[in-house]
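As recorded in TrEMBL:
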BINDING   A:Leu10, A:Gly11, A:Ser12, A:Gly13, A:Thr14, A:Val15, A:Gly16, A:Thr17  NADP(+) binding site
BINDING   A:Lys105  NADPH binding site
BINDING   A:Glu190  L-homoserine binding site
ACT_SITE  A:Lys205  active site, proton donor
DOMAIN    A:351-428  domain 'ACT'
There are 2 protein chains.
Amino acid sequence: MSKEISIGLLGSGTVGTGVVRVLKENADDIAKKVGGRIAIKKILVRDISKKREYLEDIQLTDNADDILNDPEIDIVVELLGGQHPAREYMLKAMENGKHVVTANKDVVAQFGHDLFDMAEAKGVDFKFEASVGGGIPIITPLKECLTGNRISEIMGIVNGTTNYMLTKMTEDGSDYASILKEAQAMGYAEANPAADVEGWDAARKAVILASIGFNTRINLEQVSVEGITHIEPADINYANELGYVIKLLAVAKDYGEKGVNVRVHPVFLPSSHPLAAVKDVFNAIFLRGNAIGDAMFYGRGAGSLPTASAVVADIIGEARNIVSDVHSVIGCTCYNSRAFCPIEETESSYYVRLHVDDEPGVLGSIATAFGESGVSLKSVIQTRKVGVHAEIVAVTHVVQHRNLQKAADVLQGLKVVDSIRSIIRVEEN
Amino acid sequence: MSKEISIGLLGSGTVGTGVVRVLKENADDIAKKVGGRIAIKKILVRDISKKREYLEDIQLTDNADDILNDPEIDIVVELLGGQHPAREYMLKAMENGKHVVTANKDVVAQFGHDLFDMAEAKGVDFKFEASVGGGIPIITPLKECLTGNRISEIMGIVNGTTNYMLTKMTEDGSDYASILKEAQAMGYAEANPAADVEGWDAARKAVILASIGFNTRINLEQVSVEGITHIEPADINYANELGYVIKLLAVAKDYGEKGVNVRVHPVFLPSSHPLAAVKDVFNAIFLRGNAIGDAMFYGRGAGSLPTASAVVADIIGEARNIVSDVHSVIGCTCYNSRAFCPIEETESSYYVRLHVDDEPGVLGSIATAFGESGVSLKSVIQTRKVGVHAEIVAVTHVVQHRNLQKAADVLQGLKVVDSIRSIIRVEEN
């Protein structure tokens, strides 16, 4: 119990405050788990004159070097968010022989490679459990608990904002714009919601999950990203009628010799799928391995204390290493160099909603257009009038994305087609 | 890649065969993860003359000492099940300086203490991820990923047999006896199903979860255990009508100064609860921590390959340690010595189903009996005729178990009460 581990925090925002709270409130328990006390020596803040709850007795600094160059600090905990200067601070901390813990998905997704290289060169550890799924343990399970498996797919609800919005659209029947306003009012969505609603936040997490799950480096630039901005109440209703719910998923699938594909898009999920029950701001990561079969990890994907739960676990893990005088036996796990399977070669069933001229024979020409593009249909139904147009909903069999795109192009060119309102993948059980 | 890690397997049954399959089928991937190859040097079998699929090229022995005393074997993997001689073999393996991996809930629940002591004395590691929840990572998450939390409760569906039976009773409306036969025919229930249906399998897992979750040693003898043998279709139907599903749960809750209570019993779970969607033979462990909030871990709780997934993860973890020449930094995590909160002092809401005389004023005397025992009722309804009797269903507010027992005694003594058919706890959201 004599050993004391000193940490320095970069950032005193929502997560930083949460980390301080958790370390303080659970200090006695944590000391037993570590075999020594964890002391927060310094915190980097923007304005040292500002009073902060929970931080009264901690030394504040507005100069990162006070922490990065402090020889007494064992672990630097980066909670600034964003790519810069977070990346540079972490690299410098490692150069100075410090272990690094971060919650920063942006840096891990974009610069994970550099950080692992530096960590290895300097003999320090780099941990980032909080970068995906907030408090949900998923990085450690992938790196340590599922290592006996060949993972074939990972599907995650990894963005709480969009899951909240889709849940509300499903339960209340409201449209996208009004739900976005509500989410913003409740603090679940940012004033500029693009990163969430356009799928970029989920894409970064997809990159991290896929890189670890498939042991190969994935680049954000390779990922196809589609958000939820185009989802209309009609889509929600059809999903419901057909026995599905719409979820925004981060998807990583192994297509064998074609490689690995990683993408973010809305999906029709069967309402019996474990992910379908994941509501509001909750996150969950579902995966399939050749030994475990299906598994799912569920919890709060964001927020001060849940995210702090993961950050503090990493801090404790590192502190235990320091007390035992060992280093982590697992660093970068990208042992493979897999090809990236282009989105065109992925396969799925699709839901397609069209507005067409309300006249005889239209259903036939639509079906023909699909067929000529190599897309076979499971069902096609003309459902209701929308203004002067008729609405048609088609659900395809499993087809190559390339063929579905071809069909969409052909349909778009048909005189009887007014507009393609939605194309959404359908995940079967 | 030069290092080779030798393992010896005790047992070649369902799980043993699964472990061999996973180690062989994923051998190349695993070698990359470990930084060396894992070689299965010997397997202990009952009958060495019997031909076995997957085991053709492995040396079989019917003498455990061939493995326990083999100086070349680094890790002994115990997959015999049952307390003896599994416990003695593991202790001997440790005495001989070998790390031990096991899937054996019986030994871990009853003799975990001895094994941890021996492991510490001999400087070897002891791992048992597969002992709870089959393939689901839960021991490592509790020991490493949720360490920042003070856990307040753990509720697990940890027995696939009973979850399958309750799911079928709910979906098909069949009674306990016929579903048990069906489960036996499908291989989901043993010829002697007592360990599953009476809750003892779940109780052993509850002991392990509680000991790790609350960092205090729990003894199996302290655990209150109730199975599903008394659940009738009427209970399933009332649960459904009231918006619940019946699940058999392993429950561990922190009652503060009163201590920790651990128990196994059926529960009315709100159908919106994450555990309510866990069907058939799937398992899930739900927990609540003061940082993470609610979290759940879901997957296959039994079976050859899912269980092997967890066993192989432990083997890989240990092999990585050997390659890096370190030992695990986490051994026994029972740092505390918490009191055990007696079941009488736990609190819950309850569902009570009674058969009573069908005459005026009965509802009133029932309500009075509850009230005089300190049990306040949320609702009490007379529902239908069952033969000459009327059926009454009462749902209580949250009350002490002691008071509910008192009420049951009083009710049992009432002349108008023919029988108490069911008393089942109700878990509120």
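Cβ coordinates are placed from backbone N, Cα and C, and glycine is handled just like the others.
Each residue contributes its Cα atom, and for the residue listed as 'NADPH binding site' and A:Gly13 (NADP(+) binding site) these two points are 16 Å apart. The Cβ of A:Thr17 (NADP(+) binding site) lies under 8 Å from the Cβ of A:Arg52, A:Glu53, A:Tyr54, A:Leu55, A:Ser304, each on the same chain and at least six residues away in sequence.
A:Lys205 (active site, proton donor) sits 21 Å from A:Gly13 (NADP(+) binding site), counting Cα to Cα. Counting only same-chain residues at least 6 apart in sequence, those with a Cβ under 8 Å from the Cβ of A:Ser12 (NADP(+) binding site) are A:Val20, A:Ile43, A:Leu44, A:Val45, A:Arg52, A:Leu55, A:Leu60. Other C-beta atoms found within 10 angstroms of the C-beta of A:Gly16 (NADP(+) binding site) number 29, with every protein chain shown included. Its own atom aside, the Cβ of A:Glu190 (L-homoserine binding site) has 14 Cβ atoms within 10 angstroms in the protein chains shown. Apart from A:Leu10, A:Gly11, A:Ser12, A:Gly13, A:Thr14, A:Val15, A:Gly16, A:Thr17, the NADP(+) site neighbourhood in this chain, defined by C-beta within 8 angstroms of the site C-beta centre, holds A:Leu9, A:Gly18, A:Val19, A:Leu79, A:Leu80. Each residue contributes its Cα atom, and for A:Gly11 (NADP(+) binding site) and the residue listed as 'L-homoserine binding site' these two points are 19 Å apart. Neighbour density around each Cβ, counted as other Cβ atoms within 10 Å, peaks among the binding-site residues A:Gly11, A:Gly13 at A:Gly11. The separation of A:Thr14 (NADP(+) binding site) from A:Glu190 (L-homoserine binding site), Cα to Cα, is 14 Å. Proximity of A:Leu10 (NADP(+) binding site) to non-local residues of its own chain (separation of 6 or more, Cβ distance below 8 Å) is seen for A:Ile43, A:Leu44, A:Ala64, A:Ile67, A:Val76, A:Val77, A:Glu78, A:Leu79, A:Leu80, A:Ala86, A:Tyr89, given in sequence order.
Residues near A:Thr14 (NADP(+) binding site) in space but far in sequence (CB under 8 A, at least 6 apart, same chain), listed by position: A:Gly303, A:Ser304, A:Thr307.
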